[in-house]
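Feature annotations, reproduced from Swiss-Prot:
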BINDING   19, 23, 113, 220, 253, 282, 301, 302, 307, 321  UDP binding site
BINDING   259, 271, 280, 281  CMP-N-acetyl-beta-neuraminate binding site
REGION    406-722  region 'N-acetylmannosamine kinase'
BINDING   413  Mg(2+) binding site
BINDING   416, 476, 477, 489, 516, 517, 545, 569, 588  N-acyl-D-mannosamine 6-phosphate binding site
BINDING   417, 418, 420  ADP binding site
BINDING   476, 477, 489, 516, 517, 566, 569, 588  N-acyl-D-mannosamine binding site
ACT_SITE  517  active site
BINDING   569, 579, 581, 586  Zn(2+) binding site
């Protein structure tokens, strides 16, 4: 209690609505109960817990030895959309009296259910602090809207995954009030060991059932497409009947459409079928043993994509209800579960497999983190929550200073040798540029980027430039959605799995975009260069390596794993020289600056490089420019090497033309002017006649990487899209 400055126990109200949220809240409740010196626990039970058709699951809370302070009957029967709305309204009518009586310091609310929305709304309007469990996640249904609405009402957030944490930050929630703890249920899942699991299996599925030889099915209605979800449930039952394995079917939740799903079960005689056991509720301790030892789980419950991964049990996820969730390799998605055969094939593929344990959603230590977080809450702090919005003008009316400001971006280019930061105007003018040697270690590099950006932002104020955001161009494979460098090039050391967005955004309080340098060059051409107004074009960068970017229908193509446009690694020869990627015969192995330097050194070592009018100082390394100079001065061998390099690049372009059929190819970088004529010749000789009319040009942009990085920021401000 000394930690938060409170001079009394923290009164915590945990409100639970159904069997699913109790499985997440129970570990926290047990943790609170073990620390009576710090906490007082009040338990409020409402929703489907109190309905007989759904198993009267409030009894399991009593069996766990929790005193239920209040039972609220809040469900309006009908199982349709109107009934859900009326249930929220009924809860809003009843909750104020309860909260006035309990007077909690903080209410813990879980997830994305309509009951939880009523709880959060009531607490927020009554100035009660709210701790929201599992915010920031994405499922792909109406639940997302409810979950994010609760996030906006909540004062504190406990999330389960790094992505969820980033989503909360993107939603402008206060970083200091977000805890990445993992899922509380994983504390139980990862320690769940029951030697007598066979007795649990026999109790629910019969004496003749073996471990890993049965299925658990749990499917809920999709409230935005009830008709389709009922049809999908019917197909699922038909497939399970045909698959002919013992199956435990749990009744659906109370959402709109659940009544129709139960009718489907009864129409098909599932409750009396010898291969099926239909149940309204299974206690969580027993349920985890059942899924842990099942041959497969099928349905669309979040339990399948979240909790079951802890055991490596195969899961078949049907439809779109969990389409946005992060999943382990144990999950097979059947998004268009529109035929019985498709579902049956999925059962044949998954049943009986065993996958590694997945810890995407937790490591088993969530509850201690949450209790520590609760203890840190200072009740003396103002209740009003703060949002971390990017800086914007407070006054929307125009004044002369606003009109005279230059809308600009901070652009960062992480090259193999140098680190550059520039202030770039909306017109593509580089107002000021800073250059430093790129450090070799991760810590030094991040520190230098932050230092240079802070200095540039301060200078921008003096130059009357309004910085709208930060764009970063870097070598390697980049996930632009998360702002993370996944894998770097060999030229940039210690640069794998690096989150660039968060430290810069936290320091500068500006939005940050990150992308691969080849993609940035293509975006620069689209906004400022010869690609402006072009629907389809390809940019090839010729420098130390070979990179590129593809614009298709005005949009940049990233590919399914952010690996599109690795054009330098198109193979143009089966027995060509080794490439830095580990393959051989790539364009980069012939036409990059590194490749030309390699050939220049060979010639120099054999005294075949220098011709009359040339010299290389002893302290100067032989490089590509010496090879080019020798070729210009008539060195036949140097000319042959350049011709081979240009031919390799040309063959790569031909492959691109035959694949993408762009109307324009832009060669960029220091070597572009030396290759342009050779590339055009190769196209005339090797390409199909239908693509030979393509325009192949040399870029006229001086700093495409910086301009492309800036364009990510400047495009966002004008188009208002990410």
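From the backbone N, Cα and C atoms, a Cβ is placed for every residue, glycine too.
Keep in mind it's a predicted model, so treat the numbers as computed, not measured.
Between residue 113 (UDP binding site) and residue 259 (CMP-N-acetyl-beta-neuraminate binding site), the C-alpha separation comes to 18 Å. According to DSSP, residue 476 (N-acyl-D-mannosamine binding site) is assigned to coil rather than to any helix or strand.
Counting other Cβ atoms within 10 Å of each Cβ, the binding-site residues 416, 476, 545 show the lowest value at 416. Nearest in space to residue 416 (N-acyl-D-mannosamine 6-phosphate binding site), taking C-alpha to C-alpha distance over the binding-site residues 253, 280, 476, is 476. Taking the mean position of the Cβ atoms of 569, 579, 581, 586 as the Zn(2+) site, the remaining residues of that chain whose Cβ falls within 8 Å of it are 568, 571, 580, 582, 583, 584, 587, 588, 589. Listed binding-site residues near residue 420 (ADP binding site): 413 (candidates 259, 413, 477, 517, 569; Cα-Cα distance within 10 Å). Residue 301 (UDP binding site) and residue 280 (CMP-N-acetyl-beta-neuraminate binding site) are 15 Å apart (CA-CA, integer value). Ranked by Cβ neighbours within 10 A across all protein chains shown, the binding-site residues 579, 581, 586 are led by 586. It is 8 Å from the Cα atom of residue 281 (CMP-N-acetyl-beta-neuraminate binding site) to that of residue 19 (UDP binding site).
It is 38 Å from the Cα atom of residue 566 (N-acyl-D-mannosamine binding site) to that of residue 301 (UDP binding site).
Among the binding-site residues listed (271, 413, 586), 413 has its Cα nearest to the Cα of residue 517 (N-acyl-D-mannosamine binding site).
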